[in-house]
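Some notes on the structure that comes next.
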């Protein structure tokens with residue numbers, strides 16, 4: 001039992017969620033609420049990052065489950081939180097802060113794919129907008145020699161203000177220079193490039209061909225190196241495509257295996273059957289259970305080499321795993337005569353010799369709501385004992 005569920009609620013998972021479920025939840029939410037896509041959701045993005053940072057670490061998660069957020073803040077597992085952007089970059093393969101200072105920003109896109117796409121391979125065209133260096137001014141922002149050091153911040157891009165907070169006590173506040181917007185330089189409006197308006201970069205449409213190889217997995221990343229946003233003086237970042245697999249109506253993927261449930265009738269479980277299965281590459285395979293091979297309810301069997309192709313070894317495949325659900329006939333489906341005949345065909349049942357010490361009881365259908373109602377009525381009864389309800393009482397003389 002966990003002390004509180006706030007972090008689990010933020011990620012939209014249950015307290016018993018696996019690491020894979022946590023990763024999938026963080027991936028979807030981080031991409032949805034990233035400041036580049038939702039500038040007004042900075043606090044939400046921070047909450048998502050903090051929740052994942054704690055729950056993805058086994059020691060921090062154990063501490064949180066026992067003591068809640070307060071236990072994390074008190075520093076029992078390292079204390080404090082990392083930068084939300086650093087967590088995002090490390091998760092999506094973008095490196096940390098130092099790497100970002102040398103390179104332009106990576107751009108992350110989520111691409112929805114089907115299980116068929118991952119089985120057969122596919123090619124998708126993705127249209128996106130990216131920053132490229134303005135070719136009119138060659139990334140200068142204006143005429144040659146027009147760029148000058150910002151006199152307001154002296155080229156640092158930051159302003160420092162001293163604020164007195166009490167007698168003999170001052171506070172130093174650092175903020176982005178409003179004159180140059182943190183660039184450390186400025187260009188006179190008359191000298192600015194007409195194409196980029198002094199920003200040095202322009203937006204450009206880019207069409208990417210995304211090749212999805214056979215056997216790729218949900219959450220796998222496809223990286224286009226150097227295709228991210230460009231900035232003067234920096235190496236371009238990457239475009240990272242994250243695959244997001246939709247649920248399939250029949251199959252569930254488990255590593256390299258495919259899992260499915262199959263309903264069969266009692267006669268099929270006892271006497272054998274043949275069942276067709278439509279595969280993800282539009283073939284039809286037929287599975288056979290021969291007469292005399294009893295299939296029990298809940299039995300799990302597999303077909304070799306009919307699972308998912310193995311990534312980069314597409315001629316090798318995992319297993320198709322099938323769990324059988326045996327459907328029994330309804331009450332009264334046989335007449336007494338036929339039931340007697342069926343009994344003779346089946347293995348002999350064991351008879352019970354009744355004694356006087358035995359009691360006959362009736363077997364009835366189970367009602368899962370019965371215990372809930374009994375529990376509710378019991379609470380109401382106890383409440384009446386401790387807090388009698390108002391009403392008419394007998395008078396005593």
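Every residue gets a Cβ built from N, Cα and C, even glycine.
Around the Cβ of residue 137 (Zn(2+) 1 binding site), the same chain contributes 143, 193, 195, 196, 200, each under 8 angstroms and 6 or more positions distant in sequence. Residue 137 (Zn(2+) 1 binding site) carries neither a helix nor a strand DSSP state and counts as coil. The Zn(2+) 1 binding site annotation in Swiss-Prot covers 134, 137, 193, 196 and rests on similarity to another entry.
Look at Swiss-Prot and you will find 150, 153, 177, 180 tagged as Zn(2+) 2 binding site, backed by similarity to another entry. The secondary structure of residue 177 (Zn(2+) 2 binding site), as reduced to three states from DSSP, is coil rather than helix or strand.
Annotated compositional bias 'Acidic residues' per Swiss-Prot: 353-365, in sequence order. Same-chain neighbours of the compositional bias 'Acidic residues' (353-365): none, counting only residues six or more beyond its ends whose CB sits under 8 Å from a CB of the stretch.
Within the domain 'J' (6-68), the DSSP-based counts of helix, strand and coil residues read 46 helix, 0 strand, 17 coil. Under the heading domain 'J', Swiss-Prot lists 6-68.
Annotation source Swiss-Prot lists S-farnesyl cysteine at 394.
Annotation comment: Swiss-Prot describes 83 (among others) as phosphoserine, evidence class similarity to another entry.
Residue environment of residue 335 (phosphoserine) contains 9 other Cβ atoms, counted within 10 Å of its Cβ in all protein chains. The feature phosphoserine is assigned by Swiss-Prot to 335 (among others).
Here Swiss-Prot flags 352-397 as region 'Disordered'.
If you look at the repeat 'CXXCXGXG motif' (134-141), the same-chain residues 6 or more away from its ends with a CB under 8 A from one of its CBs are 147, 187, 192-196, 198-202, 232. The repeat 'CXXCXGXG motif' annotation in Swiss-Prot covers 134-141 (among others).
The average per-residue pLDDT of the prediction over the repeat 'CXXCXGXG motif' (150-157) is 83, rounded to a whole number. Taken from Swiss-Prot, the feature repeat 'CXXCXGXG motif' covers 150-157 (among others).
Residues 149-153, 155-159 of the same chain lie 6 or more positions beyond the ends of the repeat 'CXXCXGXG motif' (177-184) yet place their CB under 8 Å from a CB of it. If you look up Swiss-Prot, you'll see 177-184 (among others) marked as repeat 'CXXCXGXG motif'.
The repeat 'CXXCXGXG motif' annotation in Swiss-Prot covers 193-200 (among others). Taking Cβ pairs closer than 8 Å, the repeat 'CXXCXGXG motif' (193-200) reaches residues 133-134, 136-137, 139-143, 187, 231-232 in its own chain, all 6 or more past its ends.
Swiss-Prot lists 121-205 with the feature zinc finger.
Sequence-distant contacts of the repeat 'CXXCXGXG motif' (150-157), counting only residues of its own chain at least 6 positions beyond either end whose CB sits under 8 Å from a CB of the stretch, comprise 176-180, 182-186. Cα-Cα distance from residue 335 (phosphoserine) to residue 134 (Zn(2+) 1 binding site): 86 Å (rounded to the nearest whole number). Residue 83 (phosphoserine) sits 30 Å from residue 150 (Zn(2+) 2 binding site), taking the Cα positions as reference.
Residue counts for the repeat 'CXXCXGXG motif' (193-200) by DSSP state, with H, G and I taken as helix and E and B as strand, are 0 helix, 0 strand, 8 coil. By the criterion of other Cβ atoms within 10 Å of the residue's own Cβ, the least surrounded of the binding-site residues 150, 153, 180, 193 is 150. Per-class residue totals from DSSP over the repeat 'CXXCXGXG motif' (150-157), listed helix then strand then coil: 0 helix, 0 strand, 8 coil. Counted within 10 Å of its Cβ, the other Cβ atoms near residue 83 (phosphoserine) come to 14, all protein chains included.
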